Amino acid sequence: MEFCLETEAVNGSKNDLNFNPMKDYMVLSRPQQVAIAVLCTLLSLLSALENLTVLYLILSSRRLRRKPSYLFIGSLAIADFLASVIFACNFINFHVFHSVDSKAIFLLKIGSVTLTFTASVGSLLLTAIDRYLCLRYPPTYKALLTRGRALATLGIMWVLSALVSYLPLMGWTCCPSPCSQLIPLVPDNYLLGWLLLVAILLSGIIYTYGHVLWKAYQHAVNLAEHQDRQLPGMIRMRLDVRLAKTLGLLLAVLVICWFPVLALLAHSLVAPLSDQVKKVFAFCSLLCLVNSMVDPVIYALRSREIRSSAHHSLARWKDYLRGRGPEGKEEAPKSSVTETEADMKIT
C-alpha cells in the first residue's frame, strides 16, 4: 500500500524523484547501463531488420501471402518486429534514462511489451500446430487449414493476447495487492496468471514439435520396411537429420531464451530478491530479444519458398536499377510450405 501512495505522489510531481518508488527497480550501475543500451540497441535493430525482411518477402509474393503457413510466419514476424522496437525503447528508457511516466502511460507500455511477446509465443504455437497438421493429415491438410480459418485463428489469438496483456491497464494493478519485485505496478497474482499462460503455450509448442519428430521417425521406419536396404537408409538418415536438426534447434532456442526469464519471474513470487538478482533479470530479459532475432532465421529464412522469393525480389530490384522495371514473372516454386511438409513429400 505504501508503494501506491508513493506512486500517486510521483504522478502528482514528476520532478521530485526523491520519493520515486521506481528507483527500487532501477538497480543497474553506470557500466551496466551502457552495456544494456549497446546490447539492446544492436539486438533490436538486427531483429527489426530481419523481421521486416521476412514480412516484405511474404507480402511481395502473391503465392506466399495466400498460404496459411506463411500467414502464421508473417504474424510471428509482426509480433517479433513490434517486440524488438517497443521492448528496446521502453527498456532503455527505463533502465538507462530512468524515465518516469504517469501510472496509465507506464501500464500502457508494460501492456504493449506483454502483448508483443505473448503474440510471438502464440504465433509460435500456431506455427507448430500447422506443421503438426501438415504431417498428421497430409491428404486433407489444405482443406482442413484454409486461408480463412488461418486468418480467423490469428485474429482470435491477437485479440486474446491484447485482452490478457492490458488487464493491468484496465484496473488489475498491485494496489492494494502485492506488487511484483521485478515489474513495477504489476501485481503478483496477475504475473502468476501470465506465467501459467506462457508456460501452457510453450508446453504446447514443445509437445507438438516432439510429436512431429516422433511421427516423422515412424514414417521413416515404415518406409524402410517396404524398400531395399540402401535407399531407405539414405532417406531415413536425410529425414531424421533434417528434422532433428530443425526441431532440436527450435526447442533449444525456446528453452534458452525463455527459461531464465520465466524462472526468475516465478522465483520472485515466492522469495525476496536482492539487487543482484534484479540485475541478472535485466540482462536475461535481453534473451527475449535474441529469440525475436533468431525466429526469422529458423522459421522463415530456412524455407525454400521464402529464399526463392528473396531471389526474385533481388532480381526485380536489379532490373529496376538497370532501368528495365519489375517485369519478370513471379516464380511458382515446387518446394514445400515447411521443411516438415518437404520431408513428407520425400516419404
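Keep in mind that glycine also has a Cβ here, set from the backbone N, Cα and C atoms.
According to TrEMBL, the protein has these features:
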TRANSMEM  34-58  transmembrane segment
DOMAIN    50-299  domain 'G-protein coupled receptors family 1 profile'
TRANSMEM  70-94  transmembrane segment
TRANSMEM  106-129  transmembrane segment
TRANSMEM  150-170  transmembrane segment
TRANSMEM  190-209  transmembrane segment
TRANSMEM  246-268  transmembrane segment
TRANSMEM  280-301  transmembrane segment
REGION    325-347  region 'Disordered'
Take a look at 106-129, 190-209, 246-268 and tell me which one has the most Cβ pairs under 8 Å to the transmembrane segment (150-170).
-> 106-129
Across the whole of the domain 'G-protein coupled receptors family 1 profile' (50-299), what does the mean pLDDT come to? Round it, please.
-> 85
Which range out of 34-58, 190-209, 280-301 gives the transmembrane segment (106-129) the most CB pairs under 8 Å?
-> 190-209
